[in-house]
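One structure below.
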Amino acid sequence: MPTRPRILILANMKKEPVLRAIEEFGPWLRERAEVVAVMDTWETRDGFDVEPPECDLTFVLGGDGTFLSQARVMVDRGVPLLGVNFGKVGFLADFEIEDVKAHWDAIASGTCVQTQRVMLDVDVMPMDTPKWDGKDVEPEYSYTAMNDAVITAGPPFRMIEMDLAIEPDVSQRSALTFGGDGIIVATASGSTAYNLSVGGPIVSPGVDAMVVSAIAPQSIAFRPIVFGADCDVWITMNRANEGTTLVIDGQQSTSIQEGQQVRIQRHPNRLQLFQNPNRTYWNTLSHKMHWAVRPSRT
């Protein structure tokens, strides 16, 4: 990375603290780097209407939700992301402005710690798609996910029924049929999101894995499962509600009909992101998610 890197700033302009930070932090940054553009994440969250300038790294100013939306549109550009937190938790956007200043030399030189995260491709297949066979079939809808793909029952909130197949073989019975309120397919990054709230396992973000967790399954024997990220996952809707919905990272959604199949695969590229040198994933988990923290007296 050049000593004076080209930086793209993607900022959540709906947050007043972000606007103040751009005004106050901008001059400091421009003395040390070439800021090629400042763009509003509300305009880029579904893609770029105007192609952004080439850059060496991208600052994302906002909360974890802002970071998720920008991760989806930036993953294929091969540019590392640095999240500056202006939200509540700051699990993905784990830098503060003062952290950026303190570690600027390492950030600018590219020697600051970076991690790579598995992303997902999520395809809603046409009704006439052969079972578990998407070869030469154009999906109706395609999404990229950083955290998770969730199918939720939706109104009128009757139980839905699905076939779940991991690395299915059409010549054998490869699917598990179950009923419940939905299903979560998460990456390791997303294991601490919705997956965690339904009792799913925490998976270190460096692990190439996916997690499947059911939402209120009818069977007490259905337990979350962790498997390699190179496996294909197929979900077939045997019974759906009028409001049954596929939700991507809690931000994008589309309705799912009875009989439709959803295919989930590893995205071909990994997301690159800077990690705050002041903390590890595990002390962030403890400090911000209260993992393994002993109850305190009130």
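Each residue, glycine too, has its Cβ placed from N, Cα and C.
TrEMBL annotations:
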- D64: active site, proton acceptor (ACT_SITE)
- D64, G65, N147, D148, R158, D181, T192, A193, Y194, N195, L196, S197, A216, Q251: NAD(+) binding site (BINDING)
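Overlay of TrEMBL annotations on the structure.
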residue: D64; record: active site, proton acceptor; CB count, 10 Å: 20
residue: N147; record: NAD(+) binding site; CB count, 10 Å: 28
residue: R158; record: NAD(+) binding site; CB count, 10 Å: 16
residue: T192; record: NAD(+) binding site; CB count, 10 Å: 25
residue: Y194; record: NAD(+) binding site; CB count, 10 Å: 21
residue: L196; record: NAD(+) binding site; CB count, 10 Å: 19
residue: A216; record: NAD(+) binding site; CB count, 10 Å: 12
Completion exercise
Y194 (NAD(+) binding site), DSSP three-state class -> helix
Practice task
Could you state the whole-number distance in Å separating the C-alpha atoms of A216 (NAD(+) binding site) and D64 (active site, proton acceptor)?
Solution key: 26
Handout entry: Integer Å distance between the CA atoms belonging to D64 (active site, proton acceptor) and Y194 (NAD(+) binding site)
Key = 14
Handout entry: Farthest-apart CA atoms of D64, G65, N147, D148, R158, D181, T192, A193, Y194, N195, L196, S197, A216, Q251, residues recorded for NAD(+), distance in Å
Key = 32
